[in-house]
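K.L.:
Annotated FAD binding site per TrEMBL: B:Arg237, B:263-264, B:277-281, B:294-301, B:Asn315, in sequence order. If you look up TrEMBL, you'll see B:36-217 marked as domain 'Electron transfer flavoprotein alpha/beta-subunit N-terminal'.
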Amino acid sequence: MSSLRILVPVKRVIDYAVKPRVNSSQTAIQTAGVKHSMNPFDELSIEESVRIREKKRYVHGVDEIVAWTCGPTKSLDVLRTAMAMGADRGVHVEVQEGQEVEPLGIAKLLKQVVDRENINLILLGKQSIDSDASQTGPMLAGLLGWSQATQASKITFEADGKGVLVEKEVDGGTETVRGTLPMIVTTDLRLNEPRYASLPNIMKAKKKKVEKLAVGETGVELSGRLKMKKVVEPPPRQGGGKVEDVDGMIAKLKELGAI
Amino acid sequence: MISRSGTSVVRHVRTQLRIKSGSSASQPALARLLSSLAVLEQKGGKLNNGSLGAVTAAKKLGGSVTAFVAGGNIIEVAEAASKVSGIEKVVSVDNAAYEKQLPENYAPLLVENIKKGGYTHIIMGHTAFGKSLMPRVAALLDVQQISDITGIENEHTFVRPIYAGNAIATVESSDNIKIITIRGTAFAPAEAEGGSASIEDGSDPKADSTTEWVSENLAKSDRPDLATAGKIVSGGRGLKSKEEFDGIMLPLADALGAAVGASRAAVDSGYADNSLQVGQTGKVVAPQLYLCAGISGAIQHLAGMKDSKVIAAINKDADAPIFQVADVGLVGDLFDKVPELTEKLGKQ
């Protein structure tokens, strides 16, 4: 068996703490001038990959950690962050600002990378916090015909170098499955606590290699299947005001028919 | 300007004409062409009634509704499904290999039955299993899935929340087969009684799974299930410890007959089990009453509960964002107010 070659796809999204605003033409979310950062679930993927290497959790070691992203020029930032956290190099498939590639397209692009880079473990976030689709990981697993484990809260490698035990968050608790390499795992929030990139590592990351590709160079045909017809703000909730005490609360809840 | 409004008038007239000429003839034909497959979940020979929201969504689309079930000793589940109101046919596959709902063999199984049945819409809950299975199925069929929908405009057009529910997107799919997961709180489960569907064996490709199920660790509770509960009490970081969480929130839940939820902060701090997390990355709930204490109301948490009928909040910070969405807000120390509330509710 060979060592691990880990692929970690990352996505640049509007920062999780920012409240998104719908643009005036109701066609999309305003992104210009809004703080962006790495999708939080992708930080967990990078962290886990680096820990697998640092803690020597896999018997044959880790050969390489490749961070990958598809997005506009600015997405280079999240690749740099991934490399500052410990990824060895980056691959950037560049698309135009504002072009959103659907999960199926991303999965197809990733399949090409996997084939080319001889990858045997892919760690993805369970969802991106902008489109909230939760699709890319299982789609890629389907295209590759690989084992998959979604919403991982713990990843353990068996001594034989093949078996991978993954504890998954499921409705009502957790479930453990045993997959075999090559494998796809999507990360849940409980998996780990991502590190902050230190300044020296941020400086070092600037020297790490990033391969830039245009979609045309990947040989993947991207055809959008979903047309965004409209984006609107959800109907606002009216805070019903406050009550003075517990009796007031009970009375109001009764009035509203909630108890 | 003139020419633009001119075209829109023409388009408008055309639409009107199409509706007029087509309303009697083409609508039923359309309904005949449309056929949905609702993928139902089961566990240990019991149909998961929560998964019947898929049937409701399928009924909304119009056209025929077929249900799909698979697992070991599936006959009881298939019979239960056949009684569900609105289902014409149940396709069941009896094979213990599907019992643990592993996407590696369940996806090829579903794909084969989708191809055989010629369904136009495949619908399933946006549950842990739905999230792991349906994208795999979609990729095998070369389809872009539509996740977690909350509304159906027509057979091609669906409504779904994005950005943690801070925006609502309407999307139109150009795929021939629509692979859809639904938000459970937006589609109430179909009636479990009143139907009389035929049961038919599906085809079984007997694909191998490259993963195997090892074990599970499910939180046991006598309280109502969080995802479907009519009332939920939920605690946050303000509870300060697991002991306080259990000592303060659980009696309140019992006084109300409510399920227990928690914020991510409470879960991360170990006050409550992961499976109780409400929010963008946890469960999305929409009960009649969501009563929370010690929760500030971060957007990720609001994403999971802001469609609740009535929101009540107890928090000592009068400026907490939760009060902007709460129908009933009480500013005060939860360590005083919640026990008082529990006691007074208990007396009623």
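Easy rule for this one: first residue shown is 1, then count along the chain.
For all residues, glycine too, the Cβ spot is worked out from N, Cα and C.
Burial and contacts for the listed features, if you can.
P.N.:
Cβ environment of B:Ile295 (FAD binding site): B:Ser234, B:Gly235, B:Gly236, B:Arg237, B:Gly238, B:Ser263, B:His301, B:Ala313, B:Asn315, B:Ala320, B:Ile322 lie under 8 Å away, each six or more residues apart in the same chain.
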K.L.:
In the structure shown, with every protein chain counted, which of the binding-site residues B:Arg237, B:His301 has the densest set of Cβ atoms within 10 angstroms of its Cβ?
P.N.:
B:His301
K.L.:
Looking only at the domain 'Electron transfer flavoprotein alpha/beta-subunit N-terminal' (B:36-217), what is the model's average confidence as pLDDT?
P.N.:
97
K.L.:
Neighbour count first, Cβ atoms within 10 Å, every protein chain included; then name which of B:Gln277, B:Gln280 tops the list of binding-site residues.
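P.N.:
Max Cβ neighbours within 10 Å, all protein chains included: B:Gln277.
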K.L.:
With a CB cutoff of 8 A to chain A, go through the binding-site residues B:Arg237, B:Gln280, B:Ile295, B:His301 and name the hits, or write none.
P.N.:
B:Gln280
K.L.:
What count of other C-beta atoms do you get within 10 angstroms of the C-beta of B:Ala298 (FAD binding site), across all chains shown?
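P.N.:
A 10 Å sphere around the Cβ of B:Ala298 (FAD binding site) contains 20 other Cβ atoms.
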